[in-house]
Structures are given as structure tokens and as C-alpha cells.
Amino acid sequence: SNATVGASGGWCQGLDIPNELFLALGLVSLVENLLVVAAILKNRNLHSPTYYFICCLAVSDMLVSISNLAEMLFMLLLEHGVLVMRPSLVRHMDSVIDTLICSSVVSSLSFLGVIAVDRYITIFYALRYHSIMTLQRAVVTMASVWLASTVSSTVLITYYRSNTVLLCLIGFFLFMLVLMLVLYIHMFALARHHLHSISSQQKPPTAHRGGILKGAVTLTILLGVFFICWGPFFFHLILIVTCPTNPFCTCFFSYFNLFLI
């Protein structure tokens with residue numbers, strides 16, 4: 001009804017987020033990920049496939065920060081007349097930056113999945129880990145992720161108006177979410193079983209509830225942060241595909257900057 005639309009109109013104005021906040025968050029994220037990369041490269045004890053994957057994840061997140069910073073600075077320079085460019089060149093630059101952002105996002109999600117698989121192999125195939133996850137296979141995995149991310153992001157930005165492309169990106173996110181859920185829950189179940197076995201063998205039996213609770217909290221934080229950070233963005237994509245003109249979906253779209261942060 002008109003009354004409902006009028007009442008909700010105040011909520012659908014979006015959120016005006018200062019450009020300075022975007023710049024500050026981008027710089028903080030950039031520095032944090034640079035520290036991770038520097039720590040792994042400098043410490044020889046961290047030169048292993050597991051930490052190389054973490055390093056690649058940090059590089060992916062660092063590229064997200066750099067891309068967002070570059071886009072924000074580019075927009076500010078254009079708005080204030082410091083930079084003057086032809087509209088066609090502006091669109092081309094925008095496409096390049098969007099491709100870099102998309103590639104960084106896809107590679108970041110991919111390396112989160114790769115790290116989950118690596119941890120799974122570490123726990124369930126501990127004795128065979130070094131023969132399964134050799135340095136050569138790790139390098140091939142990293143190169144494959146970067147190549148696939150670059151190609152897929154180029155296709156996505158080129159055909160961004162296609163619902164099929166958006167559905168592929170949504171499906172990729174859901175696949176990564178399910179993969180991490182299955183692997184980490186399985187690892188948690190194994191840890192819980194080991195704690196129970198150790199407790200039952202000791203005389204008198206010791207309580208293992210604290211260890212299980214700690215594992216459950218860690219698992220909840222890991223998957224919860226992943227879902228909270230990425231969920232709204234991909235829910236935004238789902239609404240673009242399913243209800244692009246619905247008033248409630250349009251209201252949700254107005255908060256895109258909040259999801260981006």
C-alpha cells in the first residue's frame with residue numbers, strides 16, 4: 001500500500017558513507033595483508049604449502065584493497081576536476097579496475113577453499129601429507145587459482161548484465177560455503193572423537209567438554225565471519241537476478257556501500 005511504501009521510504013535512502021572511511025579501511029587492510037606476506041616471506045619456517053596458500057590469500061585481499069583504493073581515488077580526481085578524461089577512456093579504466101576487483105574476490109574465496117582442503121589433508125592424511133601436497137602441486141594449485149580467477153572475472157565483467165554469469169558467481173560462493181562447512185565440521189567431529197577417546201582412556205576420566213566447546217567456538221567464528229562478510233554481497237546478487245524491480249529489493253540495493261565495507 002501507499003502507506004507502507006511511505007513508511008519504509010526513510011529506510012530506503014541507503015547509507016551515505018564518507019569516501020574517507022573507504023580510503024581509511026582500504027589502507028588498514030592493505031597494511032595488514034602486507035604484514036602477513038612479509039612475515040611469511042621472511043620466516044623460513046613458514047616456507048611450506050600451507051603458508052604459501054595463506055600468503056596467496058593475503059595477496060588476494062591486498063589486491064581487493066588496492067583496487068578499491070584505486071577506484072576511489074580515480075572517482076575523487078574525476079569529481080574534483082583534477083583528472084580530465086574522455087568518457088570512453090573512463091569506461092575502459094572502470095572496466096579494468098572492476099576486473100581486478102572481481103579477480104581478487106574470486107581468488108580470495110578460492111584460496112579460503114584451498115586452505116580448508118589443505119587443513120583437511122593435514123588432519124586426515126597426516127602421514128602422507130608431504131607426499132600428497134608437494135611443493136610442485138602447491139605451485140600448480142596457486143597458478144591455477146590465479147589463472148581461473150583472472151579468466152572468470154574478465155568474462156563476468158564483460159557479460160555482467162547476463163543473469164547466467166551472475167548465477168555462476170552465486171553458485172561458486174555457495175559451493176565454497178558448503179565445501180568449508182563440510183570439511184571443517186568433519187574436522188571438528190574428528191577432534192571431538194579424539195578428545196572423547198583420550199578422556200575415556202584416562203583413570204579417572206577427565207572432562208573434555210571444555211576442549212569441545214573451544215573447538216565449536218573456533219568453528220563458529222571461522223564460518224560465521226565468512227558468511228557475515230560475504231553473505232550480504234551475494235544476497236545482493238541473488239536479488240538482482242530474482243527481483244530487480246521489486247520495491248523491497250530496490251530498498252536492499254541502496255545499502256550496497258555498507259555490504260562493500
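Any Cβ shown, glycine's included, is placed from N, Cα and C.
Annotations in TrEMBL come from automatic prediction, not curation.
According to TrEMBL, the feature domain 'G-protein coupled receptors family 1 profile' maps to 32-261. Look at TrEMBL and you will find 21-41, 53-76, 96-117, 138-158, 164-190, 211-228, 234-260 tagged as transmembrane segment.
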Stretch-level contact, the transmembrane segment (53-76) and the transmembrane segment (138-158), CB cutoff 8 A, at least 3 pairs: yes
Lying 6 or more residues past either end of the transmembrane segment (96-117) yet within Cβ distance under 8 Å of it, the residues of that chain are 50, 53-54, 56-57, 60-61, 63-64, 66-68, 70-71, 74, 141, 145-146, 148-150, 152-154, 156-157, 169, 172-173, 176, 179-180, 183-184, 226, 230
On average, what pLDDT score does this prediction assign to the domain 'G-protein coupled receptors family 1 profile' (32-261)? 84
